[in-house]
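Participant: Got a structure for you, written out below as structure tokens; questions coming shortly.
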Amino acid sequence: PARMGLPALALLLVAGFLHTQASPPARSFQLDYEEDCFRKDGAPFRYISGSIHYARVPRPAWRDRLLKMYMSGLSAVQVYVPWNYHEPLPGVYDFAGDRDVEAFLDLTAELGLLVILRPGPYICAEWEMGGLPAWLLWKPDIVLRSSDPAYLAAVDSWLHVLLPKIKPRLYQHGGNIISMQVENEYGSYYACDYGYLRHLLGSFRALLGSEVLLFTTDGTRAEELRCGTLQGLYATVDFGPGSNVTEAFGAQRRVEPKGPLVNSEYYTGWLDYWGEAHASTSSARVAQGLENMLRLGASINMQVVSWYMFHGGTNFAYWSGADFKDQYKPVTTSYDYDAPLSEAGDPTEKLFAIRTVISKFQPLPVGPMPPATPKYPYGWVALRKVSACPEGCAAPAWHCPAALCPSLSLQYADLLDVLDVLCPSGPIQSQFPLTFEAIKQAHGFVVYRTQLPRDVLDPTTLDAPPHSICDRGYVMLQQDYQGTLERDGQTTLHVTGRAGDTLDVLLENMGRISFGANISDFKGLLGNLSLDSSPLSNWLIYPLAIDTAIQQGWPHTALPKSNSRGRAGPAFYTGTFETPGIAWDTFVKFPGWSKGQLWINGFNLGRYWPCRGPQQTLFVPGSVLHVGRPNNITVLELEGAPPAPFLLFLDRPLFNRTLSRSPAATE
């Protein structure tokens with residue numbers, strides 16, 4: 001090449017220098033072990049964050065909830081990614097609609113919030129199976145959260161789909177994700193498999209690069225921190241307002257002698273289990289605990305439960321998980337968690353107490369807190385044909401197109417009468433019962449059918465082996481409801497009948513265990529039923545696709561007449577109602593109902609169980625409702641509806657049979 005002249009070379013050098021001076025400094029988010037702090041773009045940085053789960057909030061409400069978090073003074077949000085929400089079957093991925101995690105992350109950036117992402121692969125979160133897909137259990141001997149090759153192969157396939165979506169949104173690449181958690185509270189799991197953690201670390205680095213800050217979160221016990229931490233992953237801790245702050249951070253210092261103090265999960269409330277009192281934590285206690293930590297200069301993530309939340313949301317459909325503490329404890333549909341933002345996204349007294357504490361340490365955003373979303377008590381809607389109002393009816397006039405009662409078309413059908421609709425592929429034949437996993441049914445319900453092998457004229461014991469009903473079994477003989485068998489509860493009934501009589505057991509999955517050693521939580525009939533100690537055999541097994549049928553318009557388009565002779569036992573009830581020109585959030589109450597599932601306009605709103613409590617109402621987002629055309633209601637009642645079944649729509653939730661907290665006045 002020709003020799004470059006000195007003047008030309010000088011011009012190039014000057015141009016390069018000017019370009020360097022004009023370029024913005026490289027974006028970075030790093031640990032500073034000398035000053036015990038984070039550094040964002042080279043400057044010391046402390047974040048205050050709160051958890052929100054996009055999977056528990058309808059997409060139309062994302063902006064409202066995130067804006068309220070921003071106006072509370074939070075600089076970041078913590079976000080879990082539930083693997084099973086996005087990969088319902090091996091190699092089948094869903095990132096559309098409410099599952100569009102990229103759109104959610106882009107919205108956080110638009111609103112000026114940083115993100116601490118927790119992609120698992122295990123997340124706990126009181127979410128079904130801790131976020132792990134149920135199809136992993138198609139291999140019955142798989143060892144979850146370990147170096148089991150089958151498990152690692154599934155994890156690797158998932159991470160190769162998810163993490164490339166995340167990489168462009170890392171802070172170093174111009175995005176707003178400042179750090180990412182690897183696994184979740186692994187020190188609480190029995191496996192203590194460092195090879196598994198090293199594999200995850202290698203995968204995250206290979207797919208995301210070397211610059212992103214990766215961390216772990218564990219409790220403060222020595223054993224938890226021993227098994228949950230790994231060199232190359234910054235170790236953080238979690239604890240709530242009842243803990244001694246100095247001692248808790250002392251536990252972190254034993255594994256991370258230098259670096260910022262981080263509480264990755266500050267519990268601002270607690271979760272609810274079916275059958276227990278509604279949990280709550282005082283605003284003053286939470287606010288004081290936060291102030292104590294901020295005075296220590298700690299980085300705090302405010303959450304509600306042993307693992308969360310700033311805004312909890314709702315376990316729609318079948319997504320609620322369960323704990324196992326001496327017995328199986330399923331989590332309620334509501335994920336309110338006594339959080340600063342209520343289940344419906346309303347600011348509470350607790351939020352303003354927290355906001356006041358934050359204002360002592362940093363400026364708050366300018367402007368008012370967005371108000372509570374409007375609610376409407378749509379009134380009662382009967383799920384039966386009526387020609388006149390029942391005595392004492394107070395239905396609003398706008399409910400009634402003709403008389404004074406809601407406009408509805410009642411239809412009613414025994415579940416057993418519509419198996420051809422709910423299981424169009426027909427039953428599976430098996431000598432003995434098969435689990436949900438063996439027939440590749442992830443959620444919901446399965447019918448197990450056999451026949452009595454002989455006459456049983458005197459009451460005879462129908463018995464299930466211990467821990468074999470997972471989780472509730474509704475027993476019918478000749479379509480007559482006999483009673484319910486329950487995991488860690490009643491496992492025997494007394495029946496009479498004739499040889500050849502049909503015995504049906506509808507098995508309900510109440511949610512797989514999401515924490516601890518028992519997350520390989522198989523569902524269905526795990527053992528054979530016995531009649532007077534003789535095992536029953538020759539089963540027909542019907543995996544029910546109820547949601548598919550309802551989303552296709554059933555039963556409102558074609559519900560056959562029922563042969564039912566009574567209201568007890570599993571049955572569908574339908575009705576319709578119209579809104580008065582608005583589609584606002586509401587809460588539905590179930591007076592006299594027992595237990596079941598509710599759909600409105602095909603959207604599965606989750607489980608109701610008012611007789612067990614504490615939750616008495618289900619949250620209905622306004623985005624689910626129609627304006628100007630009927631709203632279709634479908635109820636699957638599992639044990640027995642009231643004689644005159646109706647639903648009552650309210651403007652606030654009920655827990656423990658009393659009105660729950662009202663939203664605080666906005667400031």
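We number each residue from 1, going along the chain as drawn.
Backbone N, Cα and C define each Cβ position, glycine as well.
So TrEMBL has the following annotated:
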- Glu185: active site, proton donor (ACT_SITE)
- Glu265: active site, nucleophile (ACT_SITE)
- 433-544: domain 'Beta-galactosidase 1-like first all-beta' (DOMAIN)
- 570-628: domain 'Beta-galactosidase galactose-binding' (DOMAIN)
- 1-22: signal peptide (SIGNAL)
Participant: Could you give the Cα-Cα distance between Glu185 (active site, proton donor) and Glu265 (active site, nucleophile), in whole Å?
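Facilitator: Each residue's Cα considered, Glu185 (active site, proton donor) and Glu265 (active site, nucleophile) end up 11 Å apart.
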Participant: As a quick check of your reading of DSSP, tell me how many residues in the domain 'Beta-galactosidase galactose-binding' (570-628) are helical, how many are strand and how many are coil.
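Facilitator: Summed by class, the stretch gives 3 helix, 28 strand, 28 coil.
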Participant: Sort the residues of the domain 'Beta-galactosidase 1-like first all-beta' (433-544) into helix, strand and coil with DSSP and give the three counts.
Facilitator: 0 helix, 56 strand, 56 coil
Participant: Using a 10 angstroms cut-off on Cβ to Cβ distances, just flag whichever of Glu185, Glu265 is the loneliest among these active-site residues.
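Facilitator: Per-residue Cβ counts within 10 Å for the active-site residues Glu185, Glu265 bottom out at Glu185.
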